[in-house]
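According to Swiss-Prot, the feature signal peptide maps to 1-26, an assignment based on sequence analysis. The disulfide bond annotation in Swiss-Prot covers CYS110-CYS123, CYS181-CYS216, CYS196-CYS228. For TRP117, TRP118, GLN130, ASP182, ARG188, GLU212, TYR218, the entry in Swiss-Prot reads mannooligosaccharide derivative binding site. If you look up Swiss-Prot, you'll see 261-355, 372-452, 511-548, 637-672 marked as region 'Disordered'. Annotation source Swiss-Prot lists compositional bias 'Basic and acidic residues' at 263-281, 294-310, 320-338, 372-386, 394-409, 637-652.
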Amino acid sequence: MAAEVLLSSLLGLLFLGLLLPARLTGGVGSLNLEELSEMRYGIQILPLPVMGGQSQASDVVVVSSKYKQRYECRLPAGAIHFQREREEETPAYQGPGIPELLSPMRDAPCLLKTKDWWTYEFCYGRHIQQYHMEDSEIKGDVLYLGHYQSSFNWDDETAKASKQHRLKRYHSQTYGNGSKCDLNGKPREAEVRFLCDEGAGISGDYIDRVDEPVSCSYVLTIRTSRLCPHPLLRPPASAAPQAILCHPALQPDEYMAYLQRQAESKQHEEKTTEEVQDTDRQVWSGSKAAGAPPKKEDVSPAKEEKESELWKLQGPEEQAAAREEAQAGEQDLNHEAAADPAPSPPNDFQNNVQVKLIRSPADLIRLIEELKAAEKGKPSVRREQPGDDTTEAPQREAEGTKAKGKDGEPPGLMEEEDGDDEEEEEEEEEDEEEQQLLGEFEKELEGMLLPSNRERLRSEVKAGMERELENIIQETEKELDPEGLRKESEREQAILALTSTLDKLIKRLQENQSPELVQKYKKRRVVPQKPPPSPHPTEEEPEHRVRVRVTKLRPGGPNRDLTVLEMNRENPQLKQIEGLVTEVLEREGLTAEGKIEIKIVRPGAEGKEEDTRWLTDEDTRNLKEIFFNILVQGAEEANKERQRQSELESNYRRVWGSPGGEDTGDLDEFDF
């Protein structure tokens, strides 16, 4: 892969840079093996170019991509001066020793591993055998690769000085005096290395690999969770990768042309912004002019003065100051309002204006629901006749009481009721039109929202509720005493419990909204409820709940075709991965729906499937966190990582200063 080739060349130049300056100055150069084993690097291809040849710093390396684009890459400070703070003394550990931690393996069943023709059997503290099996029976001779002889002594001064076991973080045993070797006539011997593997607590101890570096001399690697409590054998915390920043290096004329394009683009952007602002001002001034209330021709000047004074009362203080004048002219205003009702004041119009900012489809759906709820209450509100003052209603009621006829109805309001009926009919017609428009808009919106968009909206709502729950938890922690939720574990348990409850509530909401989706969801559900205990339990039930398929792509052949290798179902590492996924699903209350694909890109190793480890120790340790991020935290982080990878690919394919202008590489090539 192109990115890996670029990173490998960078590291090669880095190591040469560590050696060459020392030789030129007469010093002694050395290659830090600890740096190679424990330091990680990550390359970042940036879109911002620089003028080539201007930097003469020792931490800048010039490389070229496969598209012949030159880059100036700045190495991190840790690559030049590797300083790691670590305690050379043994950490304070009061638990059992390494032999005591491994002693339960003596009573456990022997471990088996089949590789090609041979099957290897390891019995802790006793022997290692090699034989061929057919139909679960041993065929032919049984060869002993060695009998137990000794175990590594961590307290020995010579062992402390070597630091081999401490750096590699493994415990070893020596097995010797095995069967006679036909090639050299010496007895066979073997070294057994025990490594901590926290995932082995689910799948059990297993033989990871069997190597034969020298004829009839073997190395067995066994992974177990029994050694993980010991600080010397526990894997170190994975540090963040050291970033190697690479900028495209341009020639002086190319760089000046780039600066010219940037200046022109900035000017165009500023001009566009000014035009938009001018347009907004014109629209705003036009809306103000259109919104001005028209003058009435049949209103006297004294009435206009009173109304203008009344409409000028915008703040609460001005309303209180002018309340006496309003009461003084109350009767005149009431008579005039009965003859010619005044329009609603602009102050009320401004107070009734509501601004809705729609940032996502979820906000749009909520706005539609609010409009529906508001439409239901409109007819009853509109039927009430608005008055100019609160005392108007009692006055009209008193007048109506005096003027009641024999039938108990005000005779003077008969004609007004006819007019009200006509207004109500017009309002009902308007409501029906609004409801019809709203229904059509909602249907179009439902047609636009695909099922994937609905799921995304639900995930956004869930993420927002989780953030609110996080805020509630933080406020609770502040209010409680110091002994409340101090422990991080209690806090995590509370968050997980709330998240699980939230997931159940969302499922119930889905069931109430769409019964058809519920039936489809039940059909697609992969994790069934626990069946009643049967007299003959089968071991195939967990495979129906969660199935993990691990494949490997390796270029091979004259045409560099990709060879697809699939991990065997009997591989202990596959069972370990399935156990991790099942554990995350059960703890979070989630269901195994659909398919999740995770790509791990790293330099490939030569050899057959059995000779290479599918996942590194770091991949296995981080796999649980990867599943948690994808299943629990939603697709936000995944989208960010996908966008970052896309930007890296685009920046890598970009070729500056090509004859036809800027160009890009072949989009069909598999780079990352």
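Numbers run from 1 along the shown chain.
Glycine is no exception: its Cβ is also placed from the backbone N, Cα and C atoms.
Structural mapping of features recorded in Swiss-Prot.
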residue : record                                       : DSSP (3 states)
CYS110  : disulfide bond                               : coil
TRP117  : mannooligosaccharide derivative binding site : coil
GLN130  : mannooligosaccharide derivative binding site : strand
CYS181  : disulfide bond                               : coil
ARG188  : mannooligosaccharide derivative binding site : coil
CYS196  : disulfide bond                               : strand
GLU212  : mannooligosaccharide derivative binding site : strand
CYS228  : disulfide bond                               : coil
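Across the residues the record lists as binding mannooligosaccharide derivative (TRP117, TRP118, GLN130, ASP182, ARG188, GLU212, TYR218), the two Cα atoms farthest apart are 19 Å from each other. When Cβ atoms from all protein chains are considered, those within 10 Å of TRP118 (mannooligosaccharide derivative binding site) total 14, not counting its own. Remark: of the disulfide-bonded residues CYS196, CYS216, the most isolated position is CYS216 (fewest other Cβ atoms within 10 Å of its Cβ). Here the binding-site residues are TRP117, TYR218, and the one whose Cβ sees the fewest other Cβ atoms within 10 Å is TRP117. The Cβ of GLN130 (mannooligosaccharide derivative binding site) has 21 neighbouring Cβ atoms from other residues within 10 Å, across all protein chains displayed.
Across the range of the compositional bias 'Basic and acidic residues' (637-652), the DSSP-based residue counts are 16 helix, 0 strand, 0 coil. Fewest Cβ neighbours within 10 Å among the binding-site residues ASP182, GLU212: that distinction goes to ASP182. Of all the disulfide-bonded residues listed here (CYS110, CYS123, CYS181, CYS196, CYS228), CYS181 has the Cα closest to the Cα of GLU212 (mannooligosaccharide derivative binding site).
Over all protein chains present, the Cβ of CYS228 (disulfide bond) has 17 other Cβ atoms lying within 10 Å.
Put simply, GLN130 (mannooligosaccharide derivative binding site) is 12 Å from CYS123 (disulfide bond) when counted between their Cα atoms.
Separating the Cα atoms of TYR218 (mannooligosaccharide derivative binding site) and CYS110 (disulfide bond) is a whole-number distance of 18 Å. Under 8 Å, Cβ to Cβ, and six or more positions away along its own chain, CYS181 (disulfide bond) finds PRO187, ARG188, SER215, CYS216. CYS196 (disulfide bond) has CYS110 as its nearest neighbour among the recorded positions CYS110, TRP117, TRP118, GLN130, ASP182, going by CA to CA distance. Separation of the C-alpha atoms of ASP182 (mannooligosaccharide derivative binding site) and CYS110 (disulfide bond): 27 Å, rounded to the nearest whole number.
Each residue in the compositional bias 'Basic and acidic residues' (263-281) gets a DSSP state, and the totals come to 19 helix, 0 strand, 0 coil. In sequence order, GLU121, PHE122, CYS123, TYR124 are the residues of the chain that are 6 or more apart from CYS110 (disulfide bond) and have a CB within less than 8 Å of its CB.
In this structure, of the recorded positions CYS123, ARG188, the smallest number of CB atoms within 10 A of the CB marks CYS123.
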